[in-house]
Amino acid sequence: MEPIKVGLLGMGTVGTGVLRIVEGHQDDLQKQVGSPIRIEKVLVQNKDKSRRYAVEADRLTENAWDIVNDPAINIVVEVMGGIEPAKTYMLAALENGKHIVTANKDLMALHGAEILAKAAEKNCDVFYEASVAGGIPIIRTLIEGFSSDRITKIMGIVNGTTNYILTKMSQEGASYADVLKEAQDLGYAESDPTSDVEGLDAARKMAILGTLGFHTSLGLGDVQVKGISQVSKEDILYGKRLGYEVKLLGIAERQDDMISVGVQPTMVKTTHPLAAVGGVFNAVYVYGEAVGETMFYGPGAGEMPTATSVVADLVAVVKNLKLGVNGRKMFVPYKEKKLKTAEQIASKYFVRLHVQDKAGVLAKITQVFAECDVSLESVVQQPNKSIAEAEIVIVTHDASLASMNRVLAEFEALEVIQTIKSVYRVEG
Ligand SMILES: NC(=O)C1=CN([C@@H]2O[C@H](COP(=O)(O)OP(=O)(O)OC[C@H]3O[C@@H](n4cnc5c(N)ncnc54)[C@H](OP(=O)(O)O)[C@@H]3O)[C@@H](O)[C@H]2O)C=CC1
Ligand SMILES: N[C@@H](CC=O)C(=O)O
């Protein structure tokens, strides 16, 4: 039986897993799709590098065009990462009529529309399940499982590296730098981990989820982003005392046709299911008007979980090939993008301040909140010996982002406040 021939761009963490699954599960895959799937050629930067999985030397290449221009190759799996040269290779492969499977959220969030337009022109499939939340099949779930509903909220812990770091800081008191190194060694982090810790990786994933969930075209520029590099052990401890876990949370919301998407460290109430998502695990909470609350949970990064999603996409392409239905549009954005203003984005906030330790300070601070139309749920004030100041921790009721920004601007000018130590969104 003629095999379906696949070209693999990249043999790092994910690419190695793809080889292991395609070759290790060959028998099952063949029974599902009706022909063998063979990884014909593998692109790497350096053929001489030692590898964790043995591949014959003649299957390795350092020249992507050996794959992209090979007429025998039906499907290109892109797991090399980055924007260029991956984008050039993908567009050229589509031009040559090859189907694409990719785990590249950077590329799909930034240039997805262009890539999908080229795929439509050439009647080719482009599947990208692994680009969001690693082993959780959330993209197919949003496109197919929720097609009958109207989604109003998507909340996601969608970056494994930062969740791993925050969990270790919270549970073991570990230091940020040590745990980041561990996450890198485990293959969870991006080649430049700045995009993990500064929230960009999660923002790209939320742009993809928001696009699919709200049927509009959201880009990275539409996502408000803040990473975890400023999260301190003190914040985590204060959170715990008040019944919260700190999580890097992506939140995409829709009210009528107005949308907001943001990624920020968030105090999540410990009773909310997202608070219990630890380590490299990811979870995506989806609220649909008809279905109500749903949540999808699983490993968000790492070799085998991510490769599971990549190979599932590969199987989907091959099934389409057998049926002759490649290039079917899986998703068409049909709603005009309308983004909420800062006046329309509302949430509760946690604010921690270092203030002068003298009478009347609390009254001045609560007055600022009142003047900016922000009401308070709780206020805790305590002397702090280590800083010779007092510490005030406030949790607000729902307030608009614009009002909170006014509060913070007033605080900058208030002489009784020494430092605004931290501000978090609060969920749950
Ligand atoms: N790691 C994870 O858990 C997850 C990763 N992803 C995404 O999957 C993709 C791959 O990630 P990952 O496997 O971790 O990345 P790695 O850095 O581990 O692997 C990248 C691979 O691509 C090859 N490569 C990179 N650039 C080039 C180039 N210019 N020319 C030829 N070969 C190149 C490298 O070659 P060589 O081996 O010779 O260096 C390596 O084999 C990324 O888009 C990432 O965002 C998605 C979900 C989870
Ligand atoms: N660096 C990413 C990898 C998967 O997308 C993460 O940590 O989630």
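Every residue, even glycine, has its Cβ placed from backbone N, Cα and C.
Sequence-distant contacts (6 or more apart, same chain, Cβ under 8 Å) of GLY12 (NADP(+) binding site) comprise VAL79, MET80, GLY81, GLY187. Marked as NADP(+) binding site by TrEMBL: LEU9, GLY10, MET11, GLY12, THR13, VAL14, GLY15, THR16.
If you take the C-beta of LYS105 (NADPH binding site) and look for same-chain residues 6 or more apart in sequence within under 8 angstroms, you find TYR128, SER131, VAL132, ASP201, ARG204, LYS205, ILE208. Positions annotated as NADPH binding site by TrEMBL: LYS105.
Counting only same-chain residues at least 6 apart in sequence, those with a Cβ under 8 Å from the Cβ of GLU190 (L-homoserine binding site) are GLY81, THR161, ASP196, ASP201. Per TrEMBL, L-homoserine binding site is recorded for GLU190.
LYS205 (active site, proton donor) carries a helical DSSP state (H, G or I). TrEMBL lists LYS205 with the feature active site, proton donor.
Mapped onto DSSP helix, strand and coil, the domain 'ACT' (350-425) counts 27 helix, 34 strand, 15 coil. The domain 'ACT' annotation in TrEMBL covers 350-425.
With respect to ligand 2, the recorded positions VAL14, GLY15, GLU190, LYS205 contribute GLU190 as residues with a C-beta closer than 6 angstroms to one of its atoms, given in sequence order. Take the mean position of the Cβ atoms of LEU9, GLY10, MET11, GLY12, THR13, VAL14, GLY15, THR16, the recorded NADP(+) site; other residues of that chain with a Cβ within 8 Å of it are LEU8, GLY17, VAL18, VAL79, MET80.
Among the recorded positions LEU9, VAL14, THR16, LYS205, the residues whose Cβ sits under 6 Å from any atom of ligand 1 are VAL14. Around LYS205 (active site, proton donor), a 10 Å sphere centred on its CB holds 27 further CB atoms from the protein chains shown.
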